[in-house]
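Noted in TrEMBL for the protein shown:
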DOMAIN    58-120  domain 'Potassium channel'
CARBOHYD  59  N-linked glycosylation site
TRANSMEM  99-121  transmembrane segment
TRANSMEM  142-167  transmembrane segment
DOMAIN    156-232  domain 'Potassium channel'
TRANSMEM  179-196  transmembrane segment
TRANSMEM  208-228  transmembrane segment
REGION    270-300  region 'Disordered'
COMPBIAS  285-300  compositional bias 'Polar residues'
């Protein structure tokens, strides 16, 4: 992977460096009153602000990074561990609260997603497979494979292809590939942050758009987990995963089982003996009968 990325991306980086160098030199030649040191200080400040999501461009001055909808979108990316990185806390108080918020919020989010997925998969995966297996008599393994493929196709269509087409229309400078790339990077919780929707200076209904993206990320993440859980329950994948399990020695297992059995049997016998002793101690005194009398009573 590193070799491929290096061979593909390094030429583009080199061309960009050459282009920026020529552009900087041309700017200094056209503005002789400005020294190179002053220009670099200004650019360093601009780039530092840009890393925090603050742009110096006039067409981006109308977008605030910390209004309620943007903060809601940031909170969702933190809790889902996506973390685009386009907006980060600026103040020390915000950074400290982000640490506490993440430590408490991320585990609860994982618990919430696990609970939701476990309840959804009963109605989406297990009951349909069991219905076709019992009602129509098909093989359970075949039905599970076909169901997993259909569910995966529906998920890809509803959360990748269709949203990518919508993003390519709503975002001016995104094509379909870039939109599909954003959907995959987001729902896989990689979150590189090179493409973030709703950041255009002429974005219409930006607040509603941000809330819609937050809901899309939440539902898409749940759908991805349901699909992954469905594929993990396939019999073939279970057999494949067993290849990586640590194999235990059977003799050691049997020894441990015998030890546990002996302990359990001895504890049960001890408990039974103690219970009999308690019962004898609590019973009233009864005269014992002779064996002959017992035999005569039995004969009668």
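Please read every residue number as a count from 1 along the shown chain.
Cβ atoms are placed via backbone N, Cα and C, with glycine included.
Caution: TrEMBL annotation is automatic and unverified by curators.
In the domain 'Potassium channel' (156-232), helix, strand and coil residues by DSSP number 54 helix, 0 strand, 23 coil. For the domain 'Potassium channel' (58-120), the DSSP counts in helix, strand and coil order read 44 helix, 0 strand, 19 coil.
Mean predicted confidence for the domain 'Potassium channel' (58-120): the pLDDT average there is 88.
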